[in-house]
Amino acid sequence: MQSNKVHMGHTARKRFGQNFLHDRYVIDQIVAAINPQPGQNLVEIGPGLAALTEPVASQMDKMTVVELDRDLAARLREHPTLKEKLTVIEADAMRFDFGTLMGEGKGPLRIFGNLPYNISTPLIFHLCEFADRVEDMHFMLQKEVVLRLAAGPGSKAYGRLSVMTQYYCQVVPVLEVGPGAFKPAPKVDSAVVRLIPHKNPTIVAKDIRCLNRVCTEGFGQRRKTIRNSFSNFITDAQLTELGIDGNLRPENLSLEQFVMIANWLADQQQA
(Lines of atoms letter the chains of each structure in order from A and count residues from 1; the text may use other names and numbers.)
(Lines give C-alpha, C1' and ligand atoms only; values in the text may rest on other atoms or scores of the structure.)
Protein backbone atom coordinates (compact mmCIF):
# COMPACT_ATOMS: atom_id res chain seq x y z
CA MET A 1 0.00 0.00 0.00
CA GLN A 2 1.37 3.39 -1.03
CA SER A 3 2.15 5.85 1.77
CA ASN A 4 -0.14 8.85 1.97
CA LYS A 5 3.04 10.94 1.80
CA VAL A 6 3.74 9.70 -1.74
CA HIS A 7 2.04 11.58 -4.57
CA MET A 8 2.85 11.12 -8.27
CA GLY A 9 5.97 9.16 -7.32
CA HIS A 10 7.37 11.86 -5.03
CA THR A 11 7.59 11.46 -1.26
CA ALA A 12 6.59 14.64 0.59
CA ARG A 13 9.50 16.02 2.62
CA LYS A 14 8.57 17.23 6.07
CA ARG A 15 11.51 19.63 6.30
CA PHE A 16 10.17 21.47 3.24
CA GLY A 17 6.62 21.50 4.62
CA GLN A 18 5.32 19.74 1.51
CA ASN A 19 1.58 19.11 1.13
CA PHE A 20 0.61 18.61 -2.51
CA LEU A 21 -2.64 20.04 -3.85
CA HIS A 22 -4.65 17.52 -5.89
CA ASP A 23 -8.32 18.60 -5.73
CA ARG A 24 -9.23 19.66 -9.30
CA TYR A 25 -12.12 21.91 -8.22
CA VAL A 26 -9.90 23.81 -5.76
CA ILE A 27 -7.13 24.10 -8.36
CA ASP A 28 -9.59 25.54 -10.91
CA GLN A 29 -10.88 28.04 -8.34
CA ILE A 30 -7.35 29.24 -7.56
CA VAL A 31 -6.39 29.58 -11.22
CA ALA A 32 -9.60 31.55 -11.85
CA ALA A 33 -8.70 33.86 -8.94
CA ILE A 34 -5.19 34.41 -10.34
CA ASN A 35 -6.60 34.95 -13.86
CA PRO A 36 -3.24 34.70 -15.65
CA GLN A 37 -2.89 36.60 -18.94
CA PRO A 38 -0.27 36.15 -21.69
CA GLY A 39 2.61 38.59 -21.37
CA GLN A 40 2.31 39.00 -17.61
CA ASN A 41 5.31 38.37 -15.33
CA LEU A 42 4.07 35.37 -13.33
CA VAL A 43 6.22 33.77 -10.63
CA GLU A 44 5.25 30.64 -8.69
CA ILE A 45 6.86 29.84 -5.34
CA GLY A 46 7.13 26.12 -4.54
CA PRO A 47 5.51 24.64 -7.67
CA GLY A 48 6.00 21.12 -6.32
CA LEU A 49 4.34 18.60 -8.63
CA ALA A 50 2.92 21.35 -10.87
CA ALA A 51 -0.74 21.15 -9.76
CA LEU A 52 -1.06 24.92 -10.23
CA THR A 53 1.84 25.31 -12.65
CA GLU A 54 0.25 23.28 -15.45
CA PRO A 55 -3.10 25.13 -15.68
CA VAL A 56 -1.46 28.55 -15.21
CA ALA A 57 1.29 27.85 -17.75
CA SER A 58 -1.32 26.68 -20.28
CA GLN A 59 -2.38 30.33 -20.50
CA MET A 60 1.16 31.74 -20.62
CA ASP A 61 4.07 31.85 -23.06
CA LYS A 62 6.67 32.02 -20.28
CA MET A 63 6.68 31.98 -16.50
CA THR A 64 9.17 31.59 -13.64
CA VAL A 65 9.11 29.10 -10.78
CA VAL A 66 11.22 29.14 -7.60
CA GLU A 67 11.69 25.63 -6.14
CA LEU A 68 14.00 24.62 -3.28
CA ASP A 69 13.63 20.82 -3.63
CA ARG A 70 16.23 19.77 -6.22
CA ASP A 71 14.33 16.61 -7.19
CA LEU A 72 11.19 18.61 -7.97
CA ALA A 73 13.21 21.29 -9.80
CA ALA A 74 14.72 18.54 -11.98
CA ARG A 75 11.25 17.11 -12.73
CA LEU A 76 10.03 20.54 -13.82
CA ARG A 77 13.01 21.05 -16.13
CA GLU A 78 12.13 17.77 -17.88
CA HIS A 79 8.34 18.20 -17.80
CA PRO A 80 7.05 17.38 -21.33
CA THR A 81 4.58 20.29 -21.61
CA LEU A 82 6.25 22.81 -19.29
CA LYS A 83 10.00 22.71 -19.94
CA GLU A 84 9.83 25.12 -22.90
CA LYS A 85 7.79 27.65 -20.92
CA LEU A 86 9.41 27.55 -17.49
CA THR A 87 12.42 29.31 -16.09
CA VAL A 88 13.20 27.08 -13.10
CA ILE A 89 15.13 28.81 -10.32
CA GLU A 90 16.43 26.34 -7.74
CA ALA A 91 16.57 28.56 -4.67
CA ASP A 92 15.21 29.27 -1.22
CA ALA A 93 12.40 31.81 -1.68
CA MET A 94 13.14 33.16 1.81
CA ARG A 95 16.52 34.42 0.60
CA PHE A 96 15.79 35.01 -3.08
CA ASP A 97 15.95 38.53 -4.53
CA PHE A 98 12.66 38.75 -6.44
CA GLY A 99 13.77 42.11 -7.82
CA THR A 100 16.06 40.21 -10.21
CA LEU A 101 12.94 38.99 -12.07
CA MET A 102 12.08 42.54 -13.14
CA GLY A 103 14.09 42.49 -16.36
CA GLU A 104 13.83 44.92 -19.26
CA GLY A 105 10.40 44.89 -20.85
CA LYS A 106 8.90 42.76 -18.06
CA GLY A 107 5.87 44.01 -16.17
CA PRO A 108 5.30 43.95 -12.41
CA LEU A 109 5.49 40.59 -10.68
CA ARG A 110 2.39 38.47 -10.13
CA ILE A 111 3.45 35.97 -7.46
CA PHE A 112 1.48 32.88 -6.41
CA GLY A 113 1.95 29.55 -4.69
CA ASN A 114 0.85 26.88 -2.25
CA LEU A 115 3.30 28.03 0.43
CA PRO A 116 4.92 25.68 2.96
CA TYR A 117 3.05 26.49 6.16
CA ASN A 118 6.18 26.28 8.31
CA ILE A 119 7.71 29.36 6.62
CA SER A 120 4.66 31.27 5.37
CA THR A 121 4.82 34.18 7.85
CA PRO A 122 8.53 35.07 7.41
CA LEU A 123 8.18 34.53 3.66
CA ILE A 124 5.32 37.04 3.46
CA PHE A 125 7.47 39.56 5.38
CA HIS A 126 10.28 38.95 2.87
CA LEU A 127 7.96 39.37 -0.14
CA CYS A 128 6.57 42.64 1.25
CA GLU A 129 10.06 44.11 0.72
CA PHE A 130 9.35 43.87 -3.03
CA ALA A 131 5.81 45.30 -2.82
CA ASP A 132 6.62 48.27 -5.08
CA ARG A 133 7.45 45.81 -7.88
CA VAL A 134 4.48 43.49 -7.39
CA GLU A 135 1.03 43.74 -8.97
CA ASP A 136 -0.56 41.09 -6.76
CA MET A 137 0.08 37.84 -4.87
CA HIS A 138 -2.14 34.78 -4.41
CA PHE A 139 -1.20 32.25 -1.74
CA MET A 140 -2.58 29.08 -0.22
CA LEU A 141 -1.93 29.37 3.51
CA GLN A 142 -3.04 27.93 6.80
CA LYS A 143 -6.53 29.37 7.40
CA GLU A 144 -5.42 30.79 10.75
CA VAL A 145 -2.69 32.79 8.97
CA VAL A 146 -5.20 34.23 6.48
CA LEU A 147 -7.42 35.28 9.40
CA ARG A 148 -4.42 37.01 10.99
CA LEU A 149 -3.49 38.73 7.73
CA ALA A 150 -7.01 40.12 7.33
CA ALA A 151 -7.73 40.91 11.02
CA GLY A 152 -8.61 44.41 12.16
CA PRO A 153 -8.10 46.21 15.48
CA GLY A 154 -9.92 44.72 18.45
CA SER A 155 -9.78 41.09 17.31
CA LYS A 156 -7.66 38.34 18.88
CA ALA A 157 -6.19 37.51 15.47
CA TYR A 158 -4.89 41.09 15.01
CA GLY A 159 -1.13 41.29 15.46
CA ARG A 160 2.22 42.19 13.93
CA LEU A 161 1.48 40.14 10.80
CA SER A 162 -1.81 42.03 10.29
CA VAL A 163 -0.27 45.49 10.70
CA MET A 164 2.89 44.91 8.67
CA THR A 165 1.07 43.17 5.80
CA GLN A 166 -1.76 45.71 5.67
CA TYR A 167 0.82 48.51 5.64
CA TYR A 168 2.02 47.17 2.29
CA CYS A 169 -1.06 45.44 0.86
CA GLN A 170 -4.82 45.19 0.67
CA VAL A 171 -5.72 41.73 2.04
CA VAL A 172 -8.57 39.85 0.33
CA PRO A 173 -9.53 36.32 1.55
CA VAL A 174 -10.59 34.33 -1.54
CA LEU A 175 -11.39 30.70 -0.74
CA GLU A 176 -11.40 28.23 2.17
CA VAL A 177 -9.95 24.77 1.55
CA GLY A 178 -10.30 21.59 3.64
CA PRO A 179 -7.44 19.16 4.42
CA GLY A 180 -8.71 16.59 1.89
CA ALA A 181 -7.57 18.77 -1.02
CA PHE A 182 -3.94 17.86 -0.22
CA LYS A 183 -1.72 14.82 -0.08
CA PRO A 184 -0.61 14.23 2.61
CA ALA A 185 -3.59 15.94 4.27
CA PRO A 186 -2.47 18.66 6.72
CA LYS A 187 -3.96 18.73 10.22
CA VAL A 188 -5.38 22.23 9.67
CA ASP A 189 -7.80 24.01 7.37
CA SER A 190 -6.34 26.15 4.61
CA ALA A 191 -7.39 29.26 2.72
CA VAL A 192 -6.37 31.26 -0.34
CA VAL A 193 -5.63 34.96 0.05
CA ARG A 194 -5.02 37.75 -2.45
CA LEU A 195 -2.53 40.47 -1.47
CA ILE A 196 -2.63 43.65 -3.56
CA PRO A 197 0.19 46.14 -2.86
CA HIS A 198 -1.01 49.72 -2.36
CA LYS A 199 -0.18 51.76 -5.47
CA ASN A 200 -0.47 55.16 -3.77
CA PRO A 201 -0.22 54.52 -0.02
CA THR A 202 -1.85 57.20 2.13
CA ILE A 203 0.03 56.06 5.24
CA VAL A 204 3.82 56.22 4.92
CA ALA A 205 6.32 55.05 7.55
CA LYS A 206 9.49 57.15 7.63
CA ASP A 207 11.53 54.11 8.67
CA ILE A 208 10.04 50.63 8.28
CA ARG A 209 12.39 49.33 10.99
CA CYS A 210 10.68 51.62 13.50
CA LEU A 211 7.24 50.31 12.49
CA ASN A 212 8.50 46.75 12.87
CA ARG A 213 9.93 47.57 16.30
CA VAL A 214 6.69 49.21 17.53
CA CYS A 215 4.66 46.20 16.34
CA THR A 216 7.09 43.68 17.83
CA GLU A 217 7.25 45.40 21.22
CA GLY A 218 3.52 46.01 21.34
CA PHE A 219 2.27 42.58 20.35
CA GLY A 220 5.03 40.84 22.30
CA GLN A 221 3.15 41.93 25.43
CA ARG A 222 -0.38 42.25 24.13
CA ARG A 223 -2.08 42.15 27.55
CA LYS A 224 -0.17 45.25 28.68
CA THR A 225 -1.36 48.78 27.97
CA ILE A 226 0.73 50.64 25.41
CA ARG A 227 1.81 53.03 28.19
CA ASN A 228 3.70 50.06 29.66
CA SER A 229 4.70 48.11 26.55
CA PHE A 230 6.16 51.23 24.86
CA SER A 231 7.59 52.79 28.04
CA ASN A 232 11.22 52.25 26.99
CA PHE A 233 10.90 54.73 24.10
CA ILE A 234 7.80 56.96 24.58
CA THR A 235 6.10 58.49 27.62
CA ASP A 236 2.41 58.61 28.39
CA ALA A 237 2.48 62.40 27.90
CA GLN A 238 4.08 62.00 24.47
CA LEU A 239 1.41 59.46 23.48
CA THR A 240 -1.23 61.99 24.56
CA GLU A 241 0.44 64.63 22.35
CA LEU A 242 -0.03 62.23 19.43
CA GLY A 243 -3.70 61.92 20.36
CA ILE A 244 -3.30 58.31 21.49
CA ASP A 245 -4.68 56.97 24.78
CA GLY A 246 -1.93 55.23 26.76
CA ASN A 247 -4.54 52.96 28.39
CA LEU A 248 -5.20 51.19 25.09
CA ARG A 249 -3.79 47.74 24.42
CA PRO A 250 -1.77 47.17 21.22
CA GLU A 251 -4.63 45.18 19.66
CA ASN A 252 -6.82 48.34 19.86
CA LEU A 253 -4.45 50.51 17.80
CA SER A 254 -5.17 51.07 14.12
CA LEU A 255 -2.54 50.78 11.39
CA GLU A 256 -2.51 54.60 11.22
CA GLN A 257 -1.77 54.84 14.95
CA PHE A 258 1.05 52.29 14.74
CA VAL A 259 2.61 54.30 11.90
CA MET A 260 2.12 57.56 13.85
CA ILE A 261 4.05 56.14 16.82
CA ALA A 262 6.71 54.66 14.51
CA ASN A 263 7.18 58.02 12.75
CA TRP A 264 7.51 59.77 16.11
CA LEU A 265 10.20 57.23 17.04
CA ALA A 266 11.97 57.74 13.70
CA ASP A 267 12.01 61.52 14.31
CA GLN A 268 13.54 61.00 17.78
CA GLN A 269 16.28 58.83 16.31
CA GLN A 270 17.05 61.52 13.71
CA ALA A 271 17.15 64.31 16.31
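Glycine residues also receive a Cβ, built from the backbone N, Cα and C atoms like all the rest.
Positions annotated as S-adenosyl-L-methionine binding site by Swiss-Prot, on the basis of sequence analysis: Asn19, Leu21, Gly46, Glu67, Asp92, Asn114. Annotation for Asp92 (S-adenosyl-L-methionine binding site): same-chain Cβ neighbours under 8 Å, separated by at least 6 residues, are Leu68. Taken residue by residue with DSSP, Asp92 (S-adenosyl-L-methionine binding site) is part of neither helix nor strand, so it is coil.
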Would you find the one among the binding-site residues Asn19, Asn114 whose Cβ has the most company, meaning other Cβ atoms within 10 Å?
Asn114
If you count the C-beta atoms lying within 10 Å of each candidate's C-beta, which of the binding-site residues Leu21, Gly46, Glu67 ends up with the smallest number?
Leu21
Using DSSP and three states only, what is Leu21 (S-adenosyl-L-methionine binding site)?
strand
